[in-house]
Structures are given as C-alpha cells and as structure tokens.
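Trainee: Encoded as structure tokens, here's the structure I'll be asking about.
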Amino acid sequence: MYEIMNEFINFRSFIISKEYEVEFYNKVLSFYCYLPIIFFVFLLFSKAFYGKFHIKELGFLNLPGKLGWSLMELVSPATFLYSFLAPSPFIDHNDDETSETSINLSSYTTSQKILVSLFLIHYINRSIIYTYRAPNIAPINLMVFSSAILFNLINGYSIGRWISVFGNYPEEKYKELSFILGVIIFFIGMWINIDHDNILFELRRKNQSKISLEKKFDIKNDDEKNQSDDNSNNSMNDIRKKYFIPNEKLFYYVSCPSYLGETIEWIGFAIACWYSLPALLFALATPANLFPRARQTLKWYRENFKEYPKERKAIIPFIWVVKMMPPGGSKLDHNTR
C-alpha cells in the first residue's frame, strides 16, 4: 500500500509509458476489490466513531465535525477530477507542444462529461452543501477521517481514470438504454438522499429552538422532572434532548432512508458506466459501509426509545430486520448522519 501511495504522488510519471500506467492501475483495483468485504465484515462487529456513535471520551482523537467531514469528502472529487484530466499515454494528444499540460475539454465525449458531472454533483452536495446546511455534525474520529481519505483517494482515482482512459465511452453512448436508465436511477437515489436529509435538518433545527427556549425560561420536560440522580438516567435524558424519531416519507418504513438513497445513487452510476469494475466496486462498497451502520442505528434507537416503531426496518423497507435490544443508556453524543 505504501508503494501505491508513493507512486500516486508521482502521478505525472504516468505519461512516460503505457505499461507503467496499466501496472499501477491494476495494483489499485486489486486492492480496491478487497475493500467492500473488509468494510462489511469490520462494520458488522464494530462501529465507525462518528455521528451518534461518536465517543466523547476520545475527544483528543476527534476533529471538528463540519471541518473533518468537508475535508475528507472533498478528497474524492479532487482526486477524481485530477485523475480524469491528467495526461495519459493512451490518449492521442494534439501535435502542439502544450497539449500534454493543457486541458482541452472538447477532447472528451458527451458521455464522459455526463458521468463526470454525476460524480461531481454528488460530492459537491456531500462535501459543501450538506456540510453548510447541516445544523451540526458530530466530531469525527481521526481513524474514521484517515480511512475515509484513503478510500476516497482510491475510489476517486480509479473511477476518474476509468472514465478518462480505460473505459469505452464514445460520443453516442449516452443515448443507450443502460446509460439513460442508470442516470435516472442515480437521480432518484439522489432525491431520496437529499430529501430525507432535509427532513432531519428541519427536525434538528426545531429541536435546537425548543432546547434554547427551555434553557432561557428554565423549563423542564417530564423526563427531567422524573429523573433520578444516577448517570444512566441523565445520559438517557441527554439523548432524548438531542435525538428524535422522524416519521415522514421513507422514515415511516426504515431508520436510514438517506443511506438507501445513496446506495441507489451509486447503483445507478454503475449501470450508466456499464462494464466498469471501479464503478461496480463503489456500488458494492457503499452498502457494505452503510448497511451495517443502518443496522446499528436501528438497534441504537430501539435501545434508547421504547416507543420506537417495532415494524420499522434498518434500510430496506419490509426486509432487513434486527432483533429487539433491551433498553439501556448510552455514552453517545451529538447527531449527524
């Protein structure tokens, strides 16, 4: 892995030979093939320390939520765009002397431009718009931050290079049924993702306003009036101040509809890319990461909210069921995705 990262830093050397670029690209893809399995197995038995699974006691290993989230997500579009635009020995450059260092967008097909736009639209929303609009984002553990950056480097490079160099996307490709279907599925997933993020944002803003009023006028809710002095009850009351049970739209059926939407997005993207191994790996890595987290989220809600709907599933409506967990306290703090 160290060798791969070293070569990645010297990316410009790719224009030296076709053999070198193919060898490096194959190394990255070979490593990428293991990531969906690693993610799924690891996250089935462990938690990624961000959002509601952030551990306050590890504060010295945490980054500010909004800053950390934005930085780690920006790595993907930056790497993707650089990899897409970087010169390659496989591309027939013009005869002018500056062709290898200048960017000529007219040399790319409409199909390539559409795929690039899809990728960038998602990450502009995720890294900038989402971060700006979120009322708050919990601190992010350095381990999560580092692993996300590593994944985004690999994913951004492999997909960007595939669309630019190794894939086959002629001018008329965007008129094919698979391409059109993939783009439609992508935007359906993106709408689900953003729409349910908006629901959470609105609930959080209302909740924050309510808490501010209670503090201002020293109003205590029923939980606070009846709570004892033990730590578990105090912790439970803190959770109920910061979290709530959304019921609108797909929240009626699943705990994490935004995760479902993001999974649908990248399935659609993989269909549009067609015969693209890195796009397929991304479509697999997304649920491998998000499905176990959705399962953990459902368990967490059932532990901390006795009134949480028993029929609600984790991420796939009517399908993914988890066993009921006994009620208990938690040391978790703050809220985000």
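Every residue gets a Cβ built from N, Cα and C, even glycine.
Worth saying up front: this structure is predicted, and the values here are computed from it rather than measured.
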Trainee: Quick one: which of 137-157, 263-283 does TrEMBL have down as transmembrane segment?
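Mentor: Based on what TrEMBL states, transmembrane segment spans 137-157.
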Trainee: What mean pLDDT score does the domain '3-oxo-5-alpha-steroid 4-dehydrogenase C-terminal' (235-320) have in the model?
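Mentor: Mean pLDDT across the domain '3-oxo-5-alpha-steroid 4-dehydrogenase C-terminal' (235-320) comes out at 90.
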Trainee: What parts of the chain pack near the transmembrane segment (29-46), using Cβ distances under 8 Å and only residues at least 6 beyond its ends?
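Mentor: Cβ under 8 Å, 6 or more out: 1, 4, 151, 154-155, 158, 277-278, 281, 284-285, 288-289, 291-293, 295-296.
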